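If you check TrEMBL, you get these features:
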- 12-160: domain 'Vps52 coiled-coil' (DOMAIN)
- 242-275: domain 'Vps52 C-terminal' (DOMAIN)
- 294-331: region 'Disordered' (REGION)
Amino acid sequence: MWNCISKYSMNLLDSLEGFLSKFQSDLSAVSGQITDLQSRSRDFDMRLKSRQVRPLSQLLQELCVPPDLATTILDTNVSESWIPAIAALEEKLIALEARSRVRASKDLSEAAEALRIAASGKIRGYFLGLLQPIRTSISTNMHVLQTSVFLKYRPLFAFLQRHAPSVTQEFQHAYIAAARLYYETGFRRYARSLGYLRARTVEKSTLIGTLPSDGSPDPPPAADRLQYASLEGPGVTLAYMADDKEPPEAAFRSLLLVLLDNATAEYAFLSSFFRQEPNPPRKPSTRRVSGIIFEDPEEQSESGGDSIPISRTASFSIPGDSDAARRKANSAAKEERAYIDGLWKQIMEPALEYCQVGNSVLNENVYLEAERRGCGPLETFLLGQRLAMWPLFQKDMGVQVDSLKKLAENAVGGYLSRSGIKDSAVQVVSILPRTIVILYSEVYVDHKSLRQFIHRMREAVIRG
C-alpha cells in the first residue's frame, strides 16, 4: 500500500513540475511581450512629443523677438547693421499679425510695436539729418549723396513706407523742399555766370539780302561754332570759366547739357528711391499633417522628415485672367510713373525757368537723349521749348527769304549792275548753302516746312 501511495505521489510531483515549467516558460513569454510593449509605448511617447514640440518651436521662433535685435534698435544708431535688423523686425511684425489669434502674440505684439516706433523715429532722424548738407551748401555733391547713402539705405525707407506712412510723407516733403532749393539755386547761379558770355559777345544781326554800307561782304560765321549744336564736342563751361572768350552757343550748350545730366539723374533716383514699395511676401507656412499618426522613423528619415501636405491645389488658367492681370499691371505702372513725374516736377520746375534757351538743333539732340534715358518730364519740357522756338525760327526765315527776293528784284532792275556791287551780292548770298544747309539739313532732313524754306532761299539765290 505504501508503494502505491509513494508511486502516486511521485506522479503527482512530476505533473506539478511540468505545470510549473510550462508556467515559467509562459511567464517568460509574457514578460518579453510586456517589455516590447513598454519599448513601443516609449517610442510612441517620443514621437508624440516631437510632433507637439516641432510646431511649438516653430511658433516660438516666428513670434519671439531676439534680445540682440532689440538691443540693436534701442541702443545703437542707424548704420549698416540696421539693414538686416529691420528686415528681421519686419518679419516678426508680419508673423505676429498673422498669428493674432494666438494668446501669446498679443503680449509680444506690444513689444514689437514699441520696437517699430523706436526704429521709425531713429530712421526718420537719420534721413532728415542727411538733408542738412543740401540745405546749407550748394557745393554738396547731390548725386554722390544719393547713390552712396540714400540708395544704400533704401531698405530702411521701404520699411517706413510699409509701417510708418506719416513719417514717409514727412521725409518726402522735406526732401522735395531741399532738392528744389538746391537745384533752383544752382541753376540760377550757373545761368547768371553764363550770362556774362552773352553780355560780352554782341553780334550784329543782318539780313542775308542786305549789303553793307561800304560794299564789302560780312565775314562768314566761324565753322567751329557748329560743334556746339551736338552733344559730342567740347566740355561744358564751368562757372569759374565763364570769363573765357566763348561764343553764345557754348553757353546754350553748357546749360542744356547740365540740365540733361542733372534732370535725368534726379529722375532715376526718384524712380529708385521713392517708388511705391509693395508688402514683402509672407514666408510659406511650415504647418503639416500626416496621414499616418505613427509613422516608421526609418521611412521618415528617408523622406527627409517631411510629411504629406494637407492638400494640393491644381493650377489652371481662366480665359481673360491674363488680360485682366496685364491691364492691372499697366494701370499700376502708369500710376507709378505719374507719381514719380509729379515729384520730379515739384523739384525741377524752378530750375527750368533758367534753362529756356534757344537752339533748335541742340534742343532736338538733347530731346532724343532724354528720351533714350527715359526721363518723360524733361521730354515734355524740351518739346514745349521746340514748339515755342519754331514760330520764331519760321518768322526769321521768312524775313530772310523776303530779303533775298528783294535783292533779286533789285538785280533785275539793274541796281546791282553798277559799281561792282553785284559781285558783293553774289559773295553774300554764297554763304547761304554753307550756313543754312549745314546747320539744319542733317537734323531736319524729314521736316517738310524747313525744306520749303531752304528751297525758297535757293530759288531766290538762283534768280539773283
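Positions of Cβ are set from backbone N, Cα and C atoms, glycine also.
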Within-chain partners of the domain 'Vps52 C-terminal' (242-275) [C-beta distance under 8 Å, separation at least 6 from its ends]: 142-143, 146-147, 150-151, 154, 157, 172, 179, 183, 187, 190-191, 193-198, 200-201, 203, 222, 225, 228-229, 231, 233-234, 236, 336, 339-340, 343-344, 347-348, 351-352, 354-355, 357-359, 362-363, 366, 369-370, 373-375, 377-378
Helix, strand and coil totals (DSSP H, G, I; E, B; other) for the domain 'Vps52 coiled-coil' (12-160): 127 helix, 0 strand, 22 coil
DSSP helix/strand/coil residue counts for the domain 'Vps52 C-terminal' (242-275): 26 helix, 0 strand, 8 coil
